[in-house]
Amino acid sequence: MSASLVNRSLKNIRNELEFLKESNVISGDIFELINSKLPEKWDGNQRSPQNADTEEYVEALYDFEAQQDGDLSLKTGDKIQVLEKISPDWYRGKSNNKIGIFPANYVKPAFTRSASPKSAEAASSSTVSRPSVPPPSYEPAASQYPSQQVSAPYAPPAGYMQAPPPQQQQAPLPYPPPFTNYYQQPQQQYAPPSQQAPVEAQPQQSSGASSAFKSFGSKLGNAAIFGAGSAIGSDIVNSIF
């Protein structure tokens, strides 16, 4: 990070502390305590005492190709010494005897160890202002194992006829007892009466018989009329005499 930006932030913090002191938000003792902890001026090449005693290492999770001068290319599994955390998204570190900037979301914390005495490496850092790089998206690797083939059902050879399985004969159900009225009386079927064809009378015989009866009746009628008339007439004659 640029030294000018850090020194500007320190100046802003002191101004804010003075404003809080004048507003009676903090006391003079607190102001002096906080102000004494702040450095007067920050140099970009100096490191904090904690960083001088320990070295922080991170491990690369993804491959990263340098996009411009000053970037540090990474390979998955590389161990990188963190020299400076420029921002939450970008770190400056050393790996494979190279120093550069790499995205913070491409690494994970690995370990820390005590720093060995060695000469300070001069590496000027410029102001970095660029967007964060999202981790690469990997497609799922193809399975190394061959897919299991579904075996086809067994087909008998040609000309071979498999006998059907024997059918199980079901035992007959027991007949219910007679008192349950389960057995119904068979309905009697009546045959319709046969129609007899009417007997046709012989026209000649009937006509002859009817004519005979008519002639016989007319004779009887004439005889009766004649007999009655003669009897009445005799009575009248007798009454006159």
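Positions of Cβ are set from backbone N, Cα and C atoms, glycine also.
Looking at 11-14, 87-90, 135-138, the range tied to motif 'PY motif' in Swiss-Prot is 135-138. In Swiss-Prot, the feature ubiquitin cross-link is assigned, of K41, K98, to K41; the remaining candidates carry no such note in the record. When you go through K37, K94, K214, K219 in Swiss-Prot, the residue listed as ubiquitin cross-link is K219. This prediction places the mean pLDDT of the domain 'SH3' (53-112) at 86.
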